[in-house]
Amino acid sequence: MNPSCNLFIIGPTGAGKTSIGRRLAAHYGLPFVDLDQEIEQHCGVDVSTVFEIEGEAGFRQRESALLDECSQRPGVLLATGAGVVLAEHNRAHLRERGYVVWLQTTIEQQLERLERDHRRPLLAVPNRHERLQAMAQIREPIYRELADLAVPGEHGSVAAASERCIALIDHHWQRQPTAWPRQNA
Ligand SMILES: Nc1ncnc2c1ncn2[C@@H]1O[C@H](COP(=O)(O)OP(=O)(O)O)[C@@H](O)[C@H]1O
Ligand SMILES: O=C(O)C1=C[C@@H](OP(=O)(O)O)[C@@H](O)[C@H](O)C1
Ligand SMILES: [Mg+2]
């Protein structure tokens, strides 16, 4: 949604939603909210343990409930998890409540960045390349349809990627003030 007072970051796992999102929040002076971290705080265990105990279905229910809550906060930068876009009700909240920025990446970049990362339960498989490809096939058309802005992946540092991202957002996002003055007050 444009204009909006919220920035919502979507995109594949390892695209930089969490790390770039944190920098964007600081730049725009918005509170940073990471949906996975919200789930972890709420459950008192990490995402992998939620998957272990409740399965993906349980995780998705928690993710949807917290997305509904967090996306209603006025004036936040919300970094989502890559699979949040799979449910239509989540997509509706994202579409209607914020300016949606899609961070793009390639499978090669994902493999490289996440090589030593074992905190993503859906990547705990023998063939990560195949898994990432299967995810991209399903999710990429959804990201494309949902995004207000697509940001191409960047080979450099997180800092450089964040700067490029800010330049694009500045050009396209019509930032709305967080609180409108009450009329006839
Ligand atoms: N140019 C870049 N863009 C995005 N992430 C990068 C880049 N360079 C390195 N990374 C690293 O990729 C890893 C994954 O980033 P993360 O923010 O966790 O992604 P996501 O939240 O989208 O899954 C982090 O360790 C981050 O530092
Ligand atoms: O691809 C997915 O469905 C998931 C991505 C993760 O977030 P990142 O996109 O930050 O890796 C996290 O929400 C969970 O492990 C499920
Ligand atoms: Mg993340």
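Numbers run from 1 along the shown chain.
Keep in mind that glycine also has a Cβ here, set from the backbone N, Cα and C atoms.
Since the structure is predicted, the reported quantities are computational estimates derived from the model, not experimental observations.
Feature annotation from TrEMBL assigns ATP binding site to Gly14, Ala15, Gly16, Lys17, Thr18, Ser19, Arg120. Look at Lys17 (ATP binding site): DSSP puts it in a helix. For Lys17 (ATP binding site), the same-chain residues lying six or more positions away in sequence with a CB closer than 8 A to its CB are Ile9, Ile10, Gly11, Asp34, Ala79, Thr80, Gly81, Ala82, Leu103.
Its Cβ taken as reference, Thr18 (ATP binding site) is surrounded by 18 other Cβ atoms within 10 Å in the chains shown. Residues or ranges marked as Mg(2+) binding site by TrEMBL: Thr18.
What TrEMBL lists as substrate binding site is Asp36, Arg60, Arg139. Mapped onto three states, the DSSP output places Arg60 (substrate binding site) in helix. Cβ neighbour count for Arg60 (substrate binding site) (all protein chains, 10 Å cutoff from its Cβ): 17.
In this structure the C-alpha atoms belonging to Arg120 (ATP binding site) and Asp36 (substrate binding site) are separated by 11 Å. Cα separation, Ser19 (ATP binding site) to Arg60 (substrate binding site), rounded: 22 Å. If you take the Cα of Gly16 (ATP binding site) and the Cα of Asp36 (substrate binding site), they are about 13 angstrom apart, rounded to a whole number.
Under the DSSP three-state reduction, Arg120 (ATP binding site) is assigned to coil, being neither helix nor strand.
Ser19 (ATP binding site): 16 other CB atoms within 10 A of its CB, across all protein chains.
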